[in-house]
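Engineer: OK, Swiss-Prot features for this one:
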| type | residues | note |
| --- | --- | --- |
| REGION | 1-208 | region 'Transactivation domain' |
| REGION | 206-292 | region 'Disordered' |
| COMPBIAS | 221-237 | compositional bias 'Polar residues' |
| REGION | 312-396 | region 'DNA-binding domain' |
């Protein structure tokens, strides 16, 4: 802006930008380039309004001006959308047909945020399995997201009993809506039924104290038009909630506990045979942190248990913002793969005393021994605004 600007010249420029926007709206274009031009015009319009308000003008033309902070925020939103659209335009999906509504601020801010979406469909949830106690959620046939390297990917929007999510090309599944928090508000039993695309997913929860990630019985609706491949995708893997991990169902929990008891029994018998051979001794430095199975629950003295648990693998728990942790995980996995044994996806605690999907995410990193963990901390810099805690697990 120059000092020569007057209210009349600003009004003319302001109205010119509005004319550009109206022409682009009436054009009803499916070309992404036109939508980039639209948001560029929006940015210029809001910059003019911001400047005029700062110059103590109350209106431009016949239009009253909002507070300067409102125009400033709208200008920032326009810049954000314009930059994202320009990046999308250069990707493999820039030549696809796009409507202006698919490139709107409302669509960009709708869950999952900062992703473009196409072809919305309704997912109806019956809380307490009551047809009169329902709430509609919106999922999308296609979701466009950027990875850690700002590359765009096109994936399917998926639905399961836990919520709405999409599966990244890395295999990680990201929930952008969980039903369990709403079930505690709008329901009493902790049960709900999910209905979408002529398909019904029934909860098999028998107690209100069950986890939100309990098992579900899926039944097709009256139509057979449901895409089976989508069912396979939504039922495969271990989805994480923006919230990156899914706790096991009751059935898998039973199998896990039974398997753990069998491992404990086998491990105890194996250690007992070693004891009979004179192997009942403290772990050597090389053995510390090397164990990958569970210490026996019974039959060990306190000293013997301490000796056995000394072999448990050491871990680090890193806590911080989810996207930062995911980017950091990708970087160190590419460069320092020899400094750790394995690493989890980003995950969050759930439960009445946690912040759920609004809280910080965590990464769990396991090591061969404490020396390797120390080497990792000394070599790999932690991302900003993160904390770490040390610990051991009795098995991996």
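Numbers here mean position along the shown chain, with the first residue as 1.
Glycine residues also receive a Cβ, built from the backbone N, Cα and C atoms like all the rest.
Note that the coordinates shown come from a computational prediction; the quantities given were computed from them, not determined experimentally.
I'd like these features described in context: how deep, what's nearby, how far apart.
Structural biologist: Looking at the region 'DNA-binding domain' (312-396) alone, the prediction's average pLDDT is 84.
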Engineer: Work out, from DSSP, the number of helix, strand and coil residues along the region 'DNA-binding domain' (312-396).
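Structural biologist: The composition, in the requested order, is 30 helix, 22 strand, 33 coil.
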